[in-house]
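Visitor: Dumping what TrEMBL says about this protein:
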| type | residues | note |
| --- | --- | --- |
| REGION | 28-69 | region 'Disordered' |
| COMPBIAS | 47-62 | compositional bias 'Low complexity' |
| DOMAIN | 57-283 | domain 'PARP catalytic' |
| DOMAIN | 279-347 | domain 'RST' |
Amino acid sequence: MADYAHQCRSPTLRTVTPDAVAREYNHPAVGLNSPDLSDQMDDQYTDSSVSDCESSVSSDQSGAATSPFVGSGLMELQEGDRVHRLIKERFVSRLGALGGQVTVAGIHQNSYTGEAARARAQAFQIYSEAVQKKGGGDTPNVRYAWYATSKEGVLKILSYGFGYSGKPENNGLYGCGVYFAPDNHPLESVKSAPIDEDGLRHLLLCRIIMGKPELVSPGSEQSHPSSEQYDSGIDDLLSPRRYIVWSTHMNTHVLPVYVVSFRAPRCLRGPLRTPEESRKPTSPWMPFPILISELSKILRPSDLSLISKYYKDHKGGKISRHMLVQKVRQIAGDGLLTRVIKSFRTK
């Protein structure tokens with residue numbers, strides 16, 4: 001629901017040049033050392049190559065004549081523009097088999113016209129700094145992410161920011177917040193993007209402040225971080241498909257930067273997994289008995305006994321799975337759990 005900030009006139013947000021964006025799309029992600037927009041593209045879970053998709057995807061040559069955002073304050077990037085090419089290639093190449101059926105009709109850049117838009121951009125930078133300081137100087141962990149919305153939704157978000165209707169997104173699967181798809185997994189957003197009267201779908205490419213994310217289990221009723229140490233949510237520790245920005249943070253931790261408009265088959269059904277998705281399990285956890293067995297080789301007996309107690313409480317219906325997960329994370333730590341789960345998945 002948000003869009004990328006490319007040419008903000010704010011004195012504290014620097015303009016992003018095509019060369020800076022090129023670096024973002026062609027190198028692995030690194031943390032932001034300063035809260036500006038010249039950091040590098042989030043590519044933590046994929047290789048850094050970008051496929052040449054020009055042969056399989058044609059662009060809408062009518063571009064300027066059919067732009068759905070004329071007079072909206074968005075600046076259309078031209079077909080020959082380097083940033084246009086990089087965003088288009090990365091977007092299509094991450095769609096797997098669906099990429100050959102997608103036509104990118106236009107890419108627009110948020111120009112941050114108006115006092116309210118500039119103020120939201122400044123707020124994003126201020127919160128980036130705050131999250132970095134709260135983390136003891138660590139990176140604020142700013143990521144690129146996709147958000148699906150309608151043409152009208154794009155315009156409302158750019159004008160007023162995100163709105164909260166009281167209804168959690170995605171049927172509240174992971175709590176009350178705004179759900180984004182990581183940059184390298186746009187398929188989830190593509191499938192949920194509505195079609196407008198011109199046959200176009202629209203995705204907002206945003207910067208979001210992740211800070212320290214926490215694992216959120218299906219069925220969660222969260223609407224804010226579970227404690228002060230966390231800032232956002234993810235659905236999987238190793239290979240997330242959803243970033244969750246809580247409803248309390250949606251207009252401070254999200255910065256709209258670009259709008260990608262495209263055409264895709266009306267019926268997006270069947271096996272639309274990317275090659276990476278078809279190879280990887282989607283469950284964020286290994287079976288608890290196996291996890292406990294592996295942790296028994298590492299943790300102190302007292303810690304293992306406590307985890308076993310919580311697991312028995314869960315099996316007996318005394319605590320929820322979400323509570324069990326939180327307790328195990330507090331005792332074992334995310335770093336250790338990630339290593340154990342990764343080791344289990346590679347076997």
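We number each residue from 1, going along the chain as drawn.
Placed from the backbone N, Cα and C atoms, the Cβ positions cover glycine too.
Automatic, uncurated: that is what TrEMBL annotation is.
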Visitor: With DSSP as the reference, give the number of residues of the domain 'RST' (279-347) in helix, strand and coil.
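Guide: Helix, strand and coil residues of the domain 'RST' (279-347) number 49 helix, 0 strand, 20 coil.
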Visitor: Please compute the mean pLDDT of the model over the domain 'PARP catalytic' (57-283).
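Guide: Mean per-residue confidence for the domain 'PARP catalytic' (57-283): 83 out of 100.
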